[in-house]
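**Q** Encoded as structure tokens, here's the structure I'll be asking about.
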Amino acid sequence: MEVNASKKPEKYAKIKDMNKFGYYFIAPFFLVFIIFNLYPTLNTIYLSFYNIAGFQTEGTFVGLMNYTNLLKNSLFIQAIKNTLVLWTMNFIPQIVISMILAYWFTNARLKLKGQTFFKSAFYLPNIITAASVAVIFYALFSYPKGPINLLLINLGIFDGPYDFFRNVGFTRGLVSFIQFWMWYGQTAIVLVSGILSIDASLYEAAEVDGATPWQSFRKITLPLLKPITLYVLITSLVGGLQMFDIPLLLTNGGPNGSVETVMTYIYKQAFQGGRNISIASAASIYLLLMTIVLSVVIFMLVRDKKEKKG
């Protein structure tokens, strides 16, 4: 008995020694997180309470003045509105088209041929860099000798070249379309994965009971797809609020600031003009708070009724 008792502490000591290797493996992640995420976030919060402009390294403490000034800044308020409008304009068709594609790809009754090709083709825009996409679309609609202008003139639709990027409605529509075009493929793939994870016996039972494909989709697929839908909504929201590259590279936020987003506003405040680091930091914190609040709202609206009661 004494021998067994002496062996147990040794055994536990060996287990503890082996457990420490787990910390070694996760240490790089936490190190990178602290350096590139946590520290910049805390530093941004710190800078938002100071008045630092240009290339200054120190500033004066101003409290909440930067935050109150932003709420009075019409350009910042307009940037918030633009961000929400552009996200709504691209997300609604994105989720609708993606849901339709997911339904087609997973419906055994349709038996679509060439699914692998179409999935790859729909996902392809997502792997093209935003800079390349912006340059391509700018060249297509450029004034006065862009391909679209020349085509419309040759067809007799336009009498002369038209500057598309001076039209607010067109510019917003184009930015929204590009965002939709780049991301609907990924959304469709995520939804397809979610639908395929649903137990096939549920659809078989519904078919035996005489349910139509639409009834099965509405009564089985949509309710069981809620967790995936919630994921898509929140990730799309986060991406939409961080919309930056397409509006900046396409028109630099114009015309008349119609596609100026919160991210492009922050960039211009921090790295252009007077380099208002403090204002940019305060705007970044506002963006963080917007993301948190809207994500919580979406989560509360989409989550299951059982979770709400619990």
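Using N, Cα and C of the backbone, Cβ positions are placed for all residues, glycine too.
Curation plays no part in TrEMBL annotations; they are all automatic predictions.
TrEMBL feature annotations, pasted as is:
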| type | residues | note |
| --- | --- | --- |
| DOMAIN | 80-298 | domain 'ABC transmembrane type-1' |
| TRANSMEM | 21-39 | transmembrane segment |
| TRANSMEM | 84-105 | transmembrane segment |
| TRANSMEM | 117-141 | transmembrane segment |
| TRANSMEM | 181-203 | transmembrane segment |
| TRANSMEM | 224-244 | transmembrane segment |
| TRANSMEM | 277-302 | transmembrane segment |
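Quick one: where do these features end up spatially?
**A** Long-range contacts of the transmembrane segment (84-105) within its own chain (CB-CB distance under 8 A, at least 6 residues past either end) are made by residues 112, 115, 118-119, 122, 172-173, 175-177, 179-180, 183-184, 187-188, 191-192, 194-195, 217, 221, 232-233, 236-237, 240-241, 243, 247, 259, 261.
Sequence-remote contacts of a segment are chain residues at least 6 beyond its ends whose Cβ falls under 8 Å from one of its Cβ atoms, and for the transmembrane segment (224-244) they are 83, 86-87, 90-91, 94-95, 98, 179, 183, 187, 190-191, 193-195, 198, 202, 261-264, 267, 287, 290-291, 294-295, 298-299, 302-304.
Non-local neighbours of the transmembrane segment (277-302) in the same chain are 41, 44-45, 47-48, 50-53, 59, 62, 66-67, 69-70, 76, 80, 226, 229-230, 233-234, 237-238, 241-242, 262-263, 265-267, 269-270; each lies 6+ residues outside the stretch with a CB under 8 Å from one of its CB atoms.
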